[in-house]
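Over in Swiss-Prot, the protein carries these features:
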MOTIF     87-95  motif 'Nuclear localization signal'
DOMAIN    143-290  domain 'DAGKc'
BINDING   153-155, 185-189, GLU217, 242-244, ARG316, ARG322, 586-588  ATP binding site
BINDING   SER210, GLY211, ASP212, GLY213, ASP309  substrate binding site
ACT_SITE  ASP212  active site, proton donor/acceptor
MOD_RES   SER358  phosphoserine
MOD_RES   SER364  phosphoserine
REGION    371-472  region 'Disordered'
MOD_RES   THR377  phosphothreonine
MOTIF     381-390  motif 'Nuclear export signal'
MOD_RES   SER384  phosphoserine
MOD_RES   SER386  phosphoserine
COMPBIAS  412-426  compositional bias 'Gly residues'
MOD_RES   THR578  phosphothreonine
Amino acid sequence: MAPPPLLPVAASTPILHGEFGSYPANGPRFALTLTTQALHIQRLRPKPEARPRDGLVSLDEVSGCGTLQSRSPEDTAAYFCIYTYPRGRRGGRRRATRTFRADGATTYEENRAEAQRWATALTCLLRGVPLSGDQEITPELLPRKPRLLILVNPFGGRGLAWQRCMDHVVPMISEAGLSFNLIQTERQNHARELVQGLSLSEWEGIVTVSGDGLLYEVLNGLLDRPDWEDAVRMPIGVLPCGSGNALAGAVNHHGGFEQVVGVDLLLNCSLLLCRGGSHPLDLLSVTLASGSRCFSFLSVAWGFLSDVDIHSERFRALGSARFTLGAVLGLASLHTYRGRLSYLPATTEPALPIPGHSLPRAKSELVLAPAPAPAATHSPLHRSVSDLPLPLPQPALVSPGSPEPLPDLSLNGGGPELTGDWGGAGDAPLSPDPLLPSSPNALKTAQLSPIAEGPPEMPASSGFLPPTHSAPEASTWGPVDHLLPPLGSPLPQDWVTIEGEFVLMLGILPSHLCADLMAAPHARFDDGVVHLCWVRSGISRAALLRILLAMEHGNHFSLGCPHLGYAAARAFRLEPLTPRGLLTVDGELVEYGPIQAQVHPGLATLLTGPAGQKPQA
């Protein structure tokens with residue numbers, strides 16, 4: 001019986017096609033087709049399937065790949081392995097590894113070359129390197145691995161950041177072959193101090209594993225350097241392990257994934273980080289009442305939202321649920337605030353990002369940041385992950401390709417030790433193929449240091465580092481705010497002013513206010529505007545609750561509530577006229593009083609992964 005025709009591939013160019021076996025050797029055989037969007041799998045023998053189950057592996061679900069070899073010297077086959085994170089029936093992701101046997105040649109060297117050809121092609125596609133069907137696939141096509149500095153706040157959210165980082169983040173980015181150093185922060189503004197003295201030429205990106213507060217420290221540290229114009233071009237990223245995780249929610253939305261929270265959001269953002277790619281990021285330069293200045297990537301809030309944010313700190317152990325509880329309490333004691341909001345309306349044309357700050361998505365390797373000014377002082381990297389083999393959990397491999405763990409296979413070459421369900425005591429450690437991950441200029445894979453065996457001890461009184469809510473340190477460097485007159489000076493005539501009683505005022509840059517609150521559904525990372533939302537007094541508690549509930553899916557503006565207002569602006573000034581209240585910038589409490597801000601389009605660079613996919617069910 002002739003095998004069925006090949007499955008129709010996606011509307012993209014086929015890169016490779018071939019026949020592979022599985023492990024063990026007497027298992028099924030498969031026809032594999034690699035396109036720019038997916039790996040197509042069709043079983044050929046013993047029973048061909050016209051539409052095999054799990055026959056399409058989207059590259060959006062793949063973190064990395066590798067080649068393996070048998071521990072048996074008589075086995076001349078080589079093995080091609082991919083690490084995937086498909087969505088389960090309940091929506092969450094689960095790790096699955098698929099392994100295929102390259103056995104079409106008579107010698108191990110030839111089979112190994114074929115397995116490496118597939119691994120090289122898949123790695124190039126994952127990292128954004130364009131390939132064509134008639135192109136020769138060689139290791140020289142592989143981009144250099146970016147070297148990432150990963151900062152973990154072990155006190156963030158519910159205090160689970162370190163454990164989640166080791167359980168989910170480290171294994172995935174190790175599978176992707178990324179090079180990184182892992183550092184635990186130990187106090188407030190520790191991350192800011194680190195990046196202020198960082199040698200930028202040693203890194204291609206800084207990633208925070210926490211909530212939005214740690215990235216706020218990093219961003220303001222980069223902009224508080226004499227070489228801020230170079231420093232702010234350092235790509236920054238966030239892996240959510242905090243309470244709000246607003247920017248991570250926006251990154252998840254930008255990547256085309258459905259809205260999720262918790263570990264699912266962490267896995268989605270980790271996958272996007274592994275894929276590479278970045279996007280220009282607008283920043284707000286915020287001038288406070290004292291004249292000091294800080295920079296925001298998220299929001300300025302006054303009224304109900306800032307009250308909920310700050311007053312819910314006492315429920316920090318609840319994680320993101322603290323905001324729900326805080327909102328309920330806030331609705332029960334709803335306050336109004338008198339103030340004056342003035343803004344410079346955005347032009348009809350979208351603002352263009354600053355030239356030179358955009359990273360081409362076609363090349364996944366990150367642009368090297370320029371070296372810092374000679375005057376910068378290098379701070380020691382405390383609790384760094386740097387010098388010992390990095391443990392990488394390896395659960396059982398699943399079909400198609402490998403229906404069971406592979407006790408008799410090992411990854412080719414030498415490198416970090418991989419532990420898990422790969423055999424009994426005395427088996428050789430698993431290690432990545434040295435020819436696969438990178439070109440000859442590749443950086444060394446990250447490794448673990450003895451001082452990073454666990455998170456620092458948390459205060460016994462509360463279990464978490466108590467937030468100080470002191471005013472953030474002001475930045476003395478940064479771009480000129482050419483749209484803003486000094487606070488207290490009259491505003492130009494082209495500004496619009498609204499005065500009255502407000503329940504809340506929000507100026508937000510990205511789409512999300514929390515991981516599951518889409519406050520500005522049409523916002524983009526580089527649209528050049530701040531999205532102003534306000535709610536006037538007179539609104540009922542029920543109507544405000546409806547707005548908050550609709551905000552989960554970004555439908556609040558379609559409610560037609562007359563108390564809800566919106567404007568897109570390039571700059572704004574907020575003057576609270578009520579003597580007492582709370583103001584927050586990116587969730588951090590700042591001094592109360594007049595405040596103004598200006599958008600600086602595309603000033604920073606955000607690690608986002610590829611964009612353009614539709615939300616996945």
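Using the three backbone atoms N, Cα and C, a Cβ is placed for every residue, glycine included.
Not measured: the values here are computed from a predicted model.
This view paints the features noted in Swiss-Prot onto the structure.
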residue: ASN153; record: ATP binding site; DSSP (3 states): coil
residue: THR185; record: ATP binding site; DSSP (3 states): coil
residue: SER210; record: substrate binding site; DSSP (3 states): strand
residue: ASP309; record: substrate binding site; DSSP (3 states): helix
residue: THR578; record: phosphothreonine; DSSP (3 states): coil
residue: GLY587; record: ATP binding site; DSSP (3 states): coil
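Cβ-based neighbour count (10 Å, all protein chains) for ASP309 (substrate binding site) stands at 24.
In this structure the alpha carbons, written CA, of ASN153 (ATP binding site) and SER210 (substrate binding site) are 5 Å apart. The candidate set comprises the binding-site residues GLY211, GLY213, GLY587. Of these, GLY211 has the most other Cβ atoms within 10 Å. Neighbours of GLY242 (ATP binding site) among the recorded positions SER210, GLY211, GLY213, ASP309, THR578, defined as a Cα within 10 Å of its Cα, are SER210, GLY211, GLY213.
Neighbour count (other Cβ atoms within 10 Å of the Cβ, all protein chains): 28 for ASN153 (ATP binding site). Mean model confidence for the motif 'Nuclear export signal' (381-390) is a pLDDT of 39.
Here the candidates are the recorded positions THR185, GLN188, THR578, GLY587, and by Cα distance the one nearest ASP309 (substrate binding site) turns out to be GLY587. Note on proximity: of the recorded positions GLN188, THR578, GLY587, the one nearest ASP212 (substrate binding site) is GLY587, by Cα distance. Within 10 Å of the C-beta of THR578 (phosphothreonine) we count 15 further C-beta atoms, all protein chains included. In sequence order, GLY156, LEU214, LEU215, TYR216, GLY242, SER243, GLY244, ASN245, ASP586, GLY587 are the same-chain residues whose CB sits within 8 A of the CB centroid of SER210, GLY211, ASP212, GLY213, ASP309, the residues recorded for substrate being left out.
GLY211 (substrate binding site) and GLY587 (ATP binding site) have their C-alpha atoms 10 Å apart, to the nearest angstrom.
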